[in-house]
Amino acid sequence: MAKDTTFTCTACNASFTKWSGRCDACEAWNTIEEVKPLSSGPKSKKSMGGLRGKQIDLTDLASEEKEPPRTLSGVGELDRTLGGGLVKASAILVGGDPGIGKSTLLLQAAARFARNGLKVLYISGEESASQVQMRARRLGLTESPVKLASETNLRDILTTLEAEKPDFVIIDSIQTMWLDTVEAAPGSVSQVRSAAHELTTFAKRNGIAIVMVGHVTKDGQIAGPRVVEHMVDTVLYFEGERGHQFRILRAVKNRFGPADEIGVFEMTGKGLAEVKNPSALFLSERGDPAPGSVVFSGIEGSRPVLCEFQALVSPSPTPQARRTVVGWDGSRLAMILAVLESRAGIPFTGLDVYLNVAGGLRVSEPAADLAVAAALVSAREDSAIPKECVVFGEISLSGALRPAPQTENRLKEASKLGFTSAITPVRAKRGGDSGVDLREFSDLHSFIEQIFGAQSPQ
Ligand code: TYD
Ligand code: MG
């Protein structure tokens with residue numbers, strides 16, 4: 001059992017279970033002091049008197065405080081991802097690959113918020129003021145009242161913020177900032193963490209909304225935004241495929257709104273344009289019905305978004321068959337393949353499997369299981385799913401199909417985009433008429449039998 005008290009040497013920090021006049025470790029005299037533990041279990045009556053902190057005030061769960069005031073940028077996709085606008089006294093992290101468009105997005109946001117009455121400061125540690133001005137010219141924002149600086153010394157930046165008293169500040173990027181109190185290179189874990197801590201505390205104390213940009217590196221993400229995610233109120237990731245013009249701003253954490261909300265943008269020659277109807281965009285490159293192509297009616301945050309799953313299955317030239325996934329979870333794919341083999345008798349041994357979500361969207365919902373299974377079987381059997389049909393539903397390990405949340409919303413969106421039928425799990429309760437023909441199944445086996453005909457395992 002742990003002792004109630006221990007003794008440490010104030011000179012060398014060595015600890016002992018007994019007091020003595022001389023430290024055995026560093027041989028100093030009269031340096032050993034008693035240290036009382038903070039926690040006091042039922043038996044440690046003695047240590048109770050040793051707690052030196054002051055009593056903290058406790059309060060009830062009910063509070064008088066109203067919702068924090070918010071400012072809208074007017075860019076619907078941005079306001080939505082922020083959880084309904086920018087909150088005062090908050091710290092936001094915007095992460096993403098270098099070159100994905102973070103600086104562009106934030107300069108445009110800065111201009112919008114400035115136009116809506118906020119005092120906005122844009123501080124770049126990566127580019128000179130003239131480079132930012134050039135971008136502003138390209139984006140047509142030179143008239144906007146945003147104040148600009150190129151600086152990396154955080155002490156000077158905070159002093160400036162104290163004097164200027166802005167409402168909204170952009171720090172681009174947190175990896176370039178350095179504190180003279182920390183002996184480490186800019187971009188190192190300790191600098192990034194300390195700089196983020198200083199900025200977050202400053203934001204709270206002074207009622208400023210501060211956005212920190214953080215680059216994510218593909219490998220490891222060391223010293224990247226990950227080390228500051230827990231400090232800030234909101235974490236947004238800006239995602240997209242290099243070759244595509246679509247960009248997705250995703251809230252992965254939000255103390256002031258729903259996480260998992262997304263905003264969809266398109267990178268144009270004049271900056272980022274918001275995409276008001278993402279479903280139409282993600283399906284825009286779809287051609288005639290092809291084997292392996294399935295439309296999934298998903299939910300991203302608070303709204304339905306349709307997208308296309310594409311699968312390709314081909315005989316593997318190597319003994320180790322390939323499993324390649326873009327836009328979905330690799331281990332979930334392995335699970336679906338195992339369930340297809342064990343519960344529906346459709347093996348994928350010796351076959352390479354490629355799965356892709358078209359348009360660069362990343363789907364993480366389990367409701368996509370059935371769409372993935374349909375795409376895989378459709379590719380393997382070389383048999384297309386009808387073009388005007390959407391698929392969604394969760395698959396359990398037993399092969400049973402489970403209804404997806406917000407089924408009505410998914411069906412409504414499908415109907416809005418011209419889809420006339422849907423393949424879904426059986427539901428106990430039906431909602432209103434969505435105008436879509438339902439083909440419901442209770443398990444994977446019956447779904448495959450009826451959609452693709454009787455299968456003969458190869
Ligand atoms: P940038 O915002 O600098 O990326 P990040 O800050 O995430 O590193 O954007 C870089 C890319 O965006 C660059 O390759 C050029 C492109 N771009 C456009 O296509 N249109 C534009 O109007 C702007 C400003 C940039
Ligand atoms: Mg940048």
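Glycine too: its Cβ is placed from the backbone N, Cα and C atoms.
Predicted automatically and left uncurated, TrEMBL annotations should be read as such.
Feature annotations, reproduced from TrEMBL:
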| type | residues | note |
| --- | --- | --- |
| BINDING | GLY96, ASP97, PRO98, GLY99, ILE100, GLY101, LYS102, SER103 | ATP binding site |
| DOMAIN | 67-216 | domain 'RecA family profile 1' |
| REGION | 352-458 | region 'Lon-protease-like' |
| MOTIF | 253-257 | motif 'RadA KNRFG motif' |
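Features recorded in TrEMBL, as mapped to the structure shown.
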residue : record           : CB count, 10 Å
GLY96   : ATP binding site : 23
ASP97   : ATP binding site : 16
PRO98   : ATP binding site : 12
GLY99   : ATP binding site : 9
ILE100  : ATP binding site : 21
GLY101  : ATP binding site : 19
LYS102  : ATP binding site : 26
SER103  : ATP binding site : 22
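Listed binding-site residues: ASP97, PRO98, ILE100, LYS102, SER103. Those with a CB atom under 6 Å from ligand 2: LYS102, SER103. Helix, strand and coil counts under DSSP for the domain 'RecA family profile 1' (67-216) come to 62 helix, 33 strand, 55 coil. Listed in chain order, the residues near the ATP site other than GLY96, ASP97, PRO98, GLY99, ILE100, GLY101, LYS102, SER103 are HIS215, PHE238, each with its Cβ within 8 Å of the site Cβ centroid.
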